[in-house]
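Written out below as structure tokens is the structure these notes cover.
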Amino acid sequence: MSQNTDTSHCQAQACDLQSCLNKNTYKPEKCDAHLRNLYLCCQKMYQDSDGKAESTACPIPNVVSRWLKDHPK
């Protein structure tokens with residue numbers, strides 16, 4: 001299997017987050033669910049690819065892991 005080079009993973013979640021932030025005048029606390037959905041999508045992408053996938057919508061893997069650890073459900 002080749003390295004995943006599709007950089008559009010989690011793009012829908014990133015767009016949902018951006019829309020929420022725009023609607024809520026950049027009050028991130030109102031968009032926590034969208035942020036969590038994006039990071040969960042990114043986490044799954046990294047797990048499925050053994051950390052080799054990349055996406056313009058996702059921060060690097062250790063940022064995703066740290067955020068999810070610091071923001072338990």
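Cβ atoms are placed via backbone N, Cα and C, with glycine included.
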Worksheet, complete the sentence: Candidates Cys20, Cys42; TrEMBL says the disulfide mate of Cys31 is Cys20
Worksheet entry | From Cys15, Cys58, partner that TrEMBL gives for the disulfide involving Cys42 | Cys58
Worksheet entry | Candidate in Cys15, Cys41 joined to Cys10 through a disulfide, as TrEMBL lists it | Cys41
Discussion item. Which disulfide-bonded residues are spatial neighbours of Cys58 (disulfide bond) here, meaning Cα within 10 Å, out of Cys20, Cys31, Cys41?
Written reply: Cys41
Practice prompt. Express the distance between the Cα positions of Cys31 (disulfide bond) and Cys42 (disulfide bond) as a whole number of Å.
Written response: 17
Worksheet item: How far is it from Cys20 (disulfide bond) to Cys10 (disulfide bond), counting Cα to Cα, in Å?
Response: 16
